[in-house]
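To start, the structure itself, in C-alpha cells.
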Amino acid sequence: KRCYRTPDLKSQTCPPGEDLCYTKKWCADWCTSRGKVIELGCVATCPTVKPYEEITCCSTDNCNPHPKMPKP
C-alpha cells in the first residue's frame, strides 16, 4: 500500500498491516487565517473521529492527496 504522508507530502510505502490511507483535518489556533491543519498517512483501521476533526479513509494506492495538490 502506498499513501501520501505528511509533512513532506510524498507518496510512501506503508508499514506492514497499515492498509488504509487517511486524511485528517482540524482547526488549530491559526485556523481563521491559514485554514485547517491537514495530516496524511497510513493506518491499520480508520481512526475514531473526535468532534473537532474530519477524517477520511480510503483503500487504494495514493487515494489521500493533499487538497491543494494538483491532480495527476
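Cβ atoms here come from the backbone N, Cα and C positions, even for glycine.
A simple way to gauge crowding: the CB of Cys21 (disulfide bond) has 26 other CB atoms within 10 angstroms, across all the protein chains here. Per Swiss-Prot, disulfide bond is recorded for Cys3-Cys21 (among others), and the stated evidence type is similarity to another entry.
Annotated disulfide bond per Swiss-Prot: Cys14-Cys42 (among others), in sequence order, evidence recorded as similarity to another entry. Sequence-distant contacts of Cys14 (disulfide bond), defined as residues of its own chain at least six apart whose C-beta falls under 8 angstroms from its C-beta, comprise Lys1, Arg2, Cys3, Cys21, Cys42.
Residues or ranges marked as disulfide bond by Swiss-Prot: Cys27-Cys31 (among others). Every protein chain shown contributes to the tally, and the Cβ of Cys31 (disulfide bond) ends up with 12 other Cβ atoms within 10 Å.
For the recorded site, Cys46 (disulfide bond), the DSSP three-state label reads coil. Within the same chain, the residues at least 6 positions away from Cys46 (disulfide bond) whose Cβ sits under 8 Å from its Cβ are Leu20, Tyr22, Ile55, Cys57, listed in sequence order. Positions annotated as disulfide bond by Swiss-Prot: Cys46-Cys57 (among others).
Look at Swiss-Prot and you will find Cys58-Cys63 (among others) tagged as disulfide bond, backed by similarity to another entry. Applying an 8 A CB threshold to same-chain residues 6+ apart, the list for Cys58 (disulfide bond) reads Leu20, Cys21, Tyr22, Asn64. Under DSSP, Cys58 (disulfide bond) is assigned to a strand (E or B) in the three-state scheme.
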List of residues, in chain order, with Cβ under 8 A from that of Cys63 (disulfide bond) and at least 6 apart: Cys3, Cys21
Under 8 Å by Cβ from Cys27 (disulfide bond), same chain, sequence gap 6 or more: Lys36, Val37, Tyr52
Least buried by Cβ count (within 10 Å) of the disulfide-bonded residues Cys3, Cys57: Cys57
